[in-house]
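Residues or ranges marked as active site, proton donor by TrEMBL: Lys189. Under the heading NADPH binding site, TrEMBL lists Lys89. Taken from TrEMBL, the feature L-homoserine binding site applies to Glu174. Residues annotated as domain 'Aspartate/homoserine dehydrogenase NAD-binding' in TrEMBL: 5-112. Residues or ranges marked as domain 'Homoserine dehydrogenase catalytic' by TrEMBL: 121-298.
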Amino acid sequence: MGLLQLLADERRAGRARIEATVTAICARDRRRDRGIDLADMTWVDDPVALAASDEIDVFVELMGGASGAAKTAVETALEAGKPVVTANKALIAAHGLSLARLAEERGTALKFEAAIAGGVPIVRGLRDGLALCHTERLSGILNGTCNFILDKMTAEGAAFDEVLKEAQEAGYAEADPSFDIDGIDAAHKLHILAMIAFDAALPDDAVTAQGITGVGLGDLAMATRLDRVMKLVAEARQQGDGLALRVTPALVPYDHAFAQAHGPGNAVSVTASPLGDLLFAGPGAGGGATAAAVAADLCTLARGDGGPVFASPAMRLREVTIADAGDIQDIYALRLPLAADHGALDDLVTDIEAAGVGIDRLDLPPSLGTAGDIDAIAVTTSVKARDLRSVLDKLSAQSALRHAPGAYPMIDP
């Protein structure tokens, strides 16, 4: 069910105690079947003109994109004192602070629940439900395309390129999938959530992002051997006096909710005092999820609850130091792709530990010592990402390895 269908449902509208009339619509394709009769609707060709129209009370922006018509239309509506509801994560991540200032200067509202995690009310939960709590850590599974690809690769043993093509054919991935598979989409969402959760004004480059293009079947097999599953995890945490934000492929336990987030499913874990650990989970994408989130924002506006765009007014958001991603400490799983000489494993472990990276556990396949290539797994003690990278660079040149080792943080959200 889409937004227009939700708004047309009198029973639902009565329950929410709102009356909403769709005044006009602007879309690229008027002929597309949207599951509802739009013959009597007023169509407008220019979204900016629609945003400026005196005929509307609220402007709903579902175009997408951080610039162009979407940005201009939203700015136009806010400038005129009209509240805006948007599902545009790229716009909020890139210009959220300036748009928030504009909205607050004009005494109006900017709502974006649908921009992150679809039908999961994480924005409202962080902004209102945890208003007086101190957030220490936030992590989440925020991208359905990567969920689909990693799930398929794990279940079917299919290579990345093969599954990506299938995802594109099924509509889970765009023709140019880089926004999703390079971690950019998840980084945008994390950027927005962190501004709310940590009450902070963040620079554009606050999030360090690594996507899933380098994940191979051997890495997924390693996850299985460790009773874990590979997920693209977005994470923000206090790191010394700063805030560390990253998106990275990571290994999470089978029994954690993150491992149960499949396809469009999203999950966000928050550690905040005095509450402790909280989990938000549900459908993160799809027409129904987006429609429900947009409708919830419209209900909020109809009830007169504007409030600041983020947790605090934009002018009061604090400046924070962004911690170097290289200083983030984790336990890592290392996949050591041994060539035929399995006896070199002891030397590799010695080299790793001599470089200051402790090995807590070795997982050796039953075929160790027999002919052929194998993958050994080493689980480190807690180590900084920078120090581990230095060791991996040296190992990559070792003739005892078939190719560069794989390394992934083991995250227990």
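Using N, Cα and C of the backbone, Cβ positions are placed for all residues, glycine too.
A separation of roughly 6 Å, to the nearest angstrom, links the Cα atoms of Lys189 (active site, proton donor) and Lys89 (NADPH binding site). Counting every protein chain shown, the number of other Cβ atoms lying within 10 Å of the Cβ of the residue listed as 'active site, proton donor' is 27. Listed binding-site residues: Lys89, Glu174. The one with the lowest count of other Cβ atoms within 10 Å of its Cβ is Glu174.
The separation of Lys89 (NADPH binding site) from the residue listed as 'L-homoserine binding site', Cα to Cα, is 16 Å.
Following the DSSP three-state reduction, the secondary structure of Glu174 (L-homoserine binding site) is coil.
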